[in-house]
């Protein structure tokens, strides 16, 4: 179990919908500090959060997740002055706009990766940090394809690939930063907005989704925090239909283990065995 008591949490996402509900639950876990980085200031929401736990310090920065990494560094230098350190980084910024592929990819994937690359040095044990946990909030259509939201699905597949890659023991044993993901199923805040299919053939299905049964943001937020508390490095969870499921991960490439051993080996014989195994 991951104990959130006394932790310093940084949440990169709009303070509304799933992010707001997740933050509400975090505020009941006796965290010491909560930094919220979002594109638009939402003072009423922040006031609601502060009313839950007055002793928890809340900090806010207007933040564009698609900015260049050099600009991000300036923001997080300021964040660290207030936060001292970051125990938990939650990446929750998301966009589903099939008519704007660049914005969808930049928000959901590139921006998330740049955020992680910027924050990791502050957390890395070998660089003076204390280790910690990175939580990528993503979607179930990052696990299975969506014929309707193709660009969105592609970006979320990327989040899963990045999460699993960064969680490899190659990194975790060095930096002490665990990485996990929570894949949310259809949630009310998502289906309530106007949705466009990638191709016009899928628009009927996109329109129908607005009337489909889905989980509430409050239940989803609760399950995200529960997944964090149960987390281990490399885990992928599904938060859907009010429930929480830990995935059993599969390797589809049968040479994955051998290839990693080859990359880590300096022994010519071991390398020759790998080459022979590919034939």
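Every residue, even glycine, has its Cβ placed from backbone N, Cα and C.
The local packing around residue 20 (NAD(+) binding site), expressed as other Cβ atoms within 10 Å of its Cβ over all shown chains, amounts to 22. The NAD(+) binding site annotation in Swiss-Prot covers 11-34.
Residues or ranges marked as substrate binding site by Swiss-Prot: 139. The Cβ of residue 139 (substrate binding site) lies under 8 Å from the Cβ of 94, 152, 153, 156, 183, 184, each on the same chain and at least six residues away in sequence.
Swiss-Prot lists 152 with the feature active site, proton acceptor, giving sequence analysis as the kind of evidence. The secondary structure of residue 152 (active site, proton acceptor), as reduced to three states from DSSP, is helical.
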Task: Output the one of 26, 32 that, of all these binding-site residues, has the highest number of other Cβ atoms within 10 Å of its Cβ.
output: 26
Message: Taking 10 A as the limit, how many CB atoms besides its own sit near the CB of residue 11 (NAD(+) binding site)?
response: 24
Field: For residue 23 (NAD(+) binding site), the three-state class that DSSP assigns
entry: helix
